[in-house]
Amino acid sequence: MENAQLIGLSRQSALRRNLDVVANNLANVNTTGYKAQRLLFEEFLMPTAQATEFQRPDRPLSFAQDVGTATVMTQGSIRLTGNPLDLAIEGDGYLAVTDADGEQLYTRAGSLAIDPDGTLVTDGGLPVMAEGAPVQINLEDTEITITKDGMISTPQAQLGRLDIYTFEDNQTLQHAGANLLSGSNPILAESPTVIQGALEGSNVEGVREISRMIDITRQYQSVSKMMSQRNELRQRSIRELGSVEA
């Protein structure tokens, strides 16, 4: 019975983690450029103690455990905003930004703005990179153009081409919070497709995520019921065996 309880606890732990992932997806259903996540499971086998009194092979215990998350890389829907500082990347690619420590991070959230110093920044205030440097825009410039290949210009001058990177395997990217990603060995995109005046929406499918949440909750309740029944059976067995006169 102890083995059944342990297996049940491992299943509950995995289900709780899965529920956290689904809840996070739902919380970001309206987040620009957000990519849904999925929890990865695997079977973990733990061998039992060697049988000595009864000759039989070991019977390993099978536990459920989560081994990490995978990101759903499908394109989110693109909606037109008419804001010249909004941009969406069609297909593969990530904008490069730098954080306060100078680390280069990546995002598909193209809701940009110009800070009081004239720096093009994300909605989180991080500088957007073009040709290896932050984009500087004269605060008096009211007409800003971003071409399909990422070139930023004003009527007075070209300001540089946006640094848009791809990766050999997008699943190696790590979530860095605030809709940002970190990754190694970025590859500068040769032919990016940038859409000015538009934003990429989240690729989270709200109805499907709610359905998954309900299903996970039911599984959790089922495991809890099984464990409760096992515990009641053990307690009843102890009481009945203890009442037998020696």
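Glycine too: its Cβ is placed from the backbone N, Cα and C atoms.
The feature domain 'Flagellar basal body rod protein N-terminal' is assigned by TrEMBL to 7-35. TrEMBL lists 88-153 with the feature domain 'Flagellar hook protein FlgE/F/G-like D1'. Sequence annotations record features per position, and here TrEMBL assigns domain 'Flagellar basal-body/hook protein C-terminal' to 196-239.
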Stretch-averaged pLDDT - the domain 'Flagellar hook protein FlgE/F/G-like D1' (88-153): 95
Three-state composition of the domain 'Flagellar basal body rod protein N-terminal' (7-35), taking helix and strand from DSSP: 21 helix, 0 strand, 8 coil
